[in-house]
Protein chains: 2
Amino acid sequence: MLGHRIRRKSLLDKVTTPEAAASLIKDGMIIGMSGFTRAGDAKAVPIAMVEKAKSDPFKITLITGASLGHDIDRMLTEAGILARRMPFQVDRTLRAAINRGEVMFIDQHLSETVEHLRSHQLGPLDYAVVEAAAITEDGGIVPSTSIGNSASFAILAKKIIVEINLSQPLALEGVHDVYIPTKRPTRVPIPVVACDSRVGFPYVPIDPDKIAAIVVTNEKDSFSTVEAPDAETQAIAAHLIHFFEREVAIGRLDLSLQPLQAGIGTIANSVLAGLADGPFRDLRMYSEVLQDSTFDLFDAGKLSFASASSITLSAACSDRVFNQFHKYKDRLVLRPQEISNHPEVIRRLGVIGINTALEVDIYGNINSTHVNGTHMMNGIGGSGDFARNAYLSIFVTKSLAKGGRISSVVPMVPHVDHTEHDVDVIVTENGLADLRELAPRERAGLIVTHCAHPDYREALLDYFQRAMARGGNTPHLLGEAFSWHMRQQATGTMK
Amino acid sequence: MLGHRIRRKSLLDKVTTPEAAASLIKDGMIIGMSGFTRAGDAKAVPIAMVEKAKSDPFKITLITGASLGHDIDRMLTEAGILARRMPFQVDRTLRAAINRGEVMFIDQHLSETVEHLRSHQLGPLDYAVVEAAAITEDGGIVPSTSIGNSASFAILAKKIIVEINLSQPLALEGVHDVYIPTKRPTRVPIPVVACDSRVGFPYVPIDPDKIAAIVVTNEKDSFSTVEAPDAETQAIAAHLIHFFEREVAIGRLDLSLQPLQAGIGTIANSVLAGLADGPFRDLRMYSEVLQDSTFDLFDAGKLSFASASSITLSAACSDRVFNQFHKYKDRLVLRPQEISNHPEVIRRLGVIGINTALEVDIYGNINSTHVNGTHMMNGIGGSGDFARNAYLSIFVTKSLAKGGRISSVVPMVPHVDHTEHDVDVIVTENGLADLRELAPRERAGLIVTHCAHPDYREALLDYFQRAMARGGNTPHLLGEAFSWHMRQQATGTMK
């Protein structure tokens, strides 16, 4: 059985226990670990690291693709192992430690981390710990449900620990396309010219002598926590479908639109699923994560191809997809996140990016990450890679949070992840603001009247009008700009 | 004489007066006009438009490459001609009209404007008004000292007005490389793989039948207003040279560094000139504007090649360069600003971007544009194109402004043009903060102690420490974050 998974026979000698593999990880090391939106994360070695730390405390810098599953970030945090963490996370316990200043969190555009490693501005990596579906005859690593940063981690690390996960279907082999940009100063264009371009290897090419240990696991990925569409996300989807229909009607788009990207999470997932209800056909995705909505669109006959860096599904959808993976495989490709999120490719293809905002301000600046401008939620992730380079950059949010006590449209966001230059369209359940080629004062009128909840509209307009009396390209009253956030902190509501 | 400049004889019939050409421009039109950092701007038609407006008032949307010379933006503003203006300007009168809300200013990343035109999200252009050194036998337009957006303006506009400027040396012919990205969905990689790549035409290929009028002018470009280095800009340059030397010593860079970009203005120009004093050699530039410093580096034997979208020089340097242009010509290329500033190429080449900040905050977010968060200075220009995609993104500023009454390091910037993710290094005359791979709390310590002026350091540290007590990944006190700006507005000083 293992011979089908570890096809280079000499490597069978490297199979060992998670404990033995974890014993290689020492205090002060920089570790690159697989995992992107819960998918394809290392599952056994990090748990063994937590056990080891109980008797032998140590701290590391942990770099991943993006978020991990299986509460691994929680356990690593509780064990005191994380000195530094990058480039993304979604764990409640880790987040609290970051916000207490106990873990140094470096929040990065997801396309950039391995550039920093490759140019020796970060690293060197002591170990890459990567999940694989198989190892080829040549020692190539076949990733599982994500590539993330694993390919470059394995290529750049001094040594590699591989977790062969028997629960990951071998049918995944062939879905990956591992292309790594060549070294500067002789770097050539990335040859991806369409969602379905295949330009690399179906495995990660490495020197097999770098494999220090192989651990065998048999645990599934953590399932996604995406919630079902509700009335508000359905309304957001309806506004967006109407907008796309209008763009088609005036000849800017055809019914296949442009390649679609949808951010991680419930709202973007719902919006994407909502496209099944429109007149669109031959849709393509060039995204970072494929969620349930991707396979809903495939099954609805709406989607012709999907490219991403990971597949993260609910339990039900996971069964549906992986039990009949042949139905989808030739319409899927998984890429390193550097390529799925690369500015070069996103701009070339003309991607429509749909990302979620925590809050937006009246001029269209976006806070995606920091509650009250201070406390980290998850991280900027790939939203900046897409929003900056997209043909159309769309941000979606519900207009209210916390039962109406918080307005998602505020006078000024206290943390900016995306500036107004990178935001073309904002959609809430109330409506859609098409901000293209508008000046800030024009943007404000549209955002307040189309997107803000009626309960907060009058107060926003009052702020904007009083600010305009003071002049400026982006009029503001600095003494009041954050008064809504401060009121909410003091009284529990922005009202 | 004119036959050397207008080599397609049939077009000689199109030569007319500026007044006749200006009469083609009607109320409500969208006009694309040449000009990038004062260089290669249309000089006669806009003046004739101002005259025409005196008896026949009209308003237009004016799109340029970047800033214009010859007070043209002032005159167009005073004549009430500008309804909308994009993507950049530097004029005091226009700026005031923008800040009064009289001219709608759309501040854009300079690489993006023609993407919007090409995809019909902006436009269509009624007229392109472009300066040329010549028109070829085939009707191709040979630009002058800038390309900017002129190539795509001419290609995409319904009609073209050409200003043949006899004062622009014919020797400019051959320095241009006009490559326009192909249409989606069949767009191919931009083939620029080095600063000296030549991948397009030395002229703008257009249908000569689109040329509606040709006007002959004989006026030089406005000279640059860049000031000479002073003690502070020299100190900034010295810190940066020391930093680059250290990067070379530890093997991250060699003495040719990486292709250099320097933003428009006195500080970036001085810093670049300062590199002549370091041990570097075979430097290359991949920038948007070539200022005096570029030619100082050529003359010092330090620079091997320079690529940009325009050449903007002081009077003295202009004489030196254009009287012996053959000395430099084969080491120069001018490109459309879409290509000089393209994310794809900047990231591929690994550019070192050096841009100027108006102010920085303790976490390294940058305000480049809005005084007190509200009043527009110039615009974001190309700084975002470079800062986001650079191998190293460096921001420079003097630590004080207005004779010490303003600190350029503040608790929170009231307008964000560049988020901390896009800022690797900050330099003031006091020192350099290397922020790479650091968490926000770590960045704050370095920025305050290395970059802030000693007069403000204690107050910044006090803010940071009290904010940390409230927790967060980027600790802030929302009620105080803008107190420095408000104090300066009320009392004239941040102290």
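Yeah, the Cβs are placed from backbone N, Cα and C, and that goes for glycine too.
Pulled from TrEMBL:
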- A:Glu288: active site, 5-glutamyl coenzyme A thioester intermediate (ACT_SITE)
- A:Asn378, A:Gly382, A:Lys402: CoA binding site (BINDING)
- A:8-215: domain 'Acetyl-CoA hydrolase/transferase N-terminal' (DOMAIN)
- A:320-463: domain 'Acetyl-CoA hydrolase/transferase C-terminal' (DOMAIN)
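On the structure: features taken from TrEMBL.
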residue  : record                                                    : Cβ within 10 Å
A:Glu288 : active site, 5-glutamyl coenzyme A thioester intermediate : 30
A:Asn378 : CoA binding site                                          : 18
A:Gly382 : CoA binding site                                          : 29
A:Lys402 : CoA binding site                                          : 11
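When secondary structure is read from DSSP and collapsed to three states, A:Lys402 (CoA binding site) falls in the helix class. Largest Cα to Cα distance within the recorded CoA binders A:Asn378, A:Gly382, A:Lys402: about 26 Å as a whole number. Per-residue confidence over the domain 'Acetyl-CoA hydrolase/transferase N-terminal' (A:8-215) averages 97 (mean pLDDT, predicted model). As a summary of secondary structure, the domain 'Acetyl-CoA hydrolase/transferase C-terminal' (A:320-463) carries 55 helix, 38 strand, 51 coil according to DSSP.
The two recorded residues A:Glu288 (active site, 5-glutamyl coenzyme A thioester intermediate) and A:Asn378 (CoA binding site) have their Cα atoms spaced 16 Å from each other.
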